[in-house]
Amino acid sequence: MMAFCALRKALPCRPENPFSSRCFVEILWVSLALVFLLPMPSDACDEPPKFESMRPQFLNTTYRPGDRVEYECRPGFQPMVPALPTFSVCQDDNTWSPLQEACRRKACSNLPDPLNGQVSYPNGDMLFGSKAQFTCNTGFYIIGAETVYCQVSGNVMAWSEPSPLCEKILCKPPGEIPNGKYTNSHKDVFEYNEVVTYSCLSSTGPDEFSLVGESSLFCIGKDEWSSDPPECKVVKCPYPVVPNGEIVSGFGSKFYYKAEVVFKCNAGFTLHGRDTIVCGANSTWEPEMPQCIKDSKPTDPPATPGPSHPGPPSPSDASPPKDAESLDGGIIAAIVVGVLAAIAVIAGGVYFFHHKYNKKRSK
């Protein structure tokens, strides 16, 4: 009834004649439109279920109860054993059944360990999508892919790359340096972990060469040494002088590479900086030279006056004792009382004399 009233308001029909032919036609059209727009109960299933291991062989646009969809295993998968249904049927309640995977992953072939190396399987198996990792023994390096994956190659299962090789680690000579040499310099190839040691030649000048850097190098990888070759050069730092200080350790007339000197300050001075310095590779002292700074003189505190011994006090300076102060107060009070009493006596005498005199005159 409410819908009918709404339609009456919406349609340009005369209120007094809602069932005219024109109004009836318009109501019919609106009703048909509502029928088509409102969702209708369906007797068809949705799209067939999707599986990781299977895919539909054929797809239709609609599926009614009883329709059946056949599945096949995807590449890299094969039917399970024992076999499970590889189809699904649209049921009367518009659902699909059965809903289960019916295929399993295929496996790649087992990989042998490379010579002087090993292979491992992080996923715990060699199934489709799994990976294998290769490592080489100490002193060997890998040539090829360290990680390979089990995948589909055409119609067969195969690993993504061929197995790598493990080759022995060898190093080329580390190189000559000016004013220096290294052990076993006659060799063209050095094996893994083999060491060479550098040293400096004797100088023809007044100062000896210093070896700056690592003296021993190790072959740690294919043509890779543990560090760059060192240098042989003259490193000489100037004589260290700290004003108001002195050297307590590291005395010498010349100070070469890594020479160490320790300072202390004279009495009345404080050391600012490090007390120990070292001659660096650039012929400079490291860290910076310390300084001896004069101690600041402490400010004398104000003198505290001590006990004094003055002479006998003058009468004007002497303070009266407390007893004297009390005595003076008592005397003043007595004087005041005495004066008042005398005034009272005199007043009484005057009154008595005046009264007696007036009495005699009256007689």
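Backbone N, Cα and C define each Cβ position, glycine as well.
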Disulfide partner of C171 per Swiss-Prot, picked from C136, C219, C232, is C219
Bonded to C108 via a disulfide in Swiss-Prot, from among C73, C136, C150, is C150
If one consults Swiss-Prot for N-linked glycosylation site across N60, N282, the residue flagged is N60
Going by Swiss-Prot, the cysteine from C136, C166, C279, C292 that pairs with C237 in a disulfide is C279
Students should find that the Cβ of C150 (disulfide bond) has, within 10 Å, a number of other Cβ atoms equal to 25
Whole-Å Cα distance, C166 (disulfide bond) to S296 (O-linked glycosylation site), is 73
Three-class DSSP assignment, C292 (disulfide bond), comes back as strand
Densest Cβ environment (other Cβ within 10 Å) across the disulfide-bonded residues C136, C200, C279 belongs to C279
Once DSSP output is merged into helix, strand and coil, C219 (disulfide bond) belongs to strand
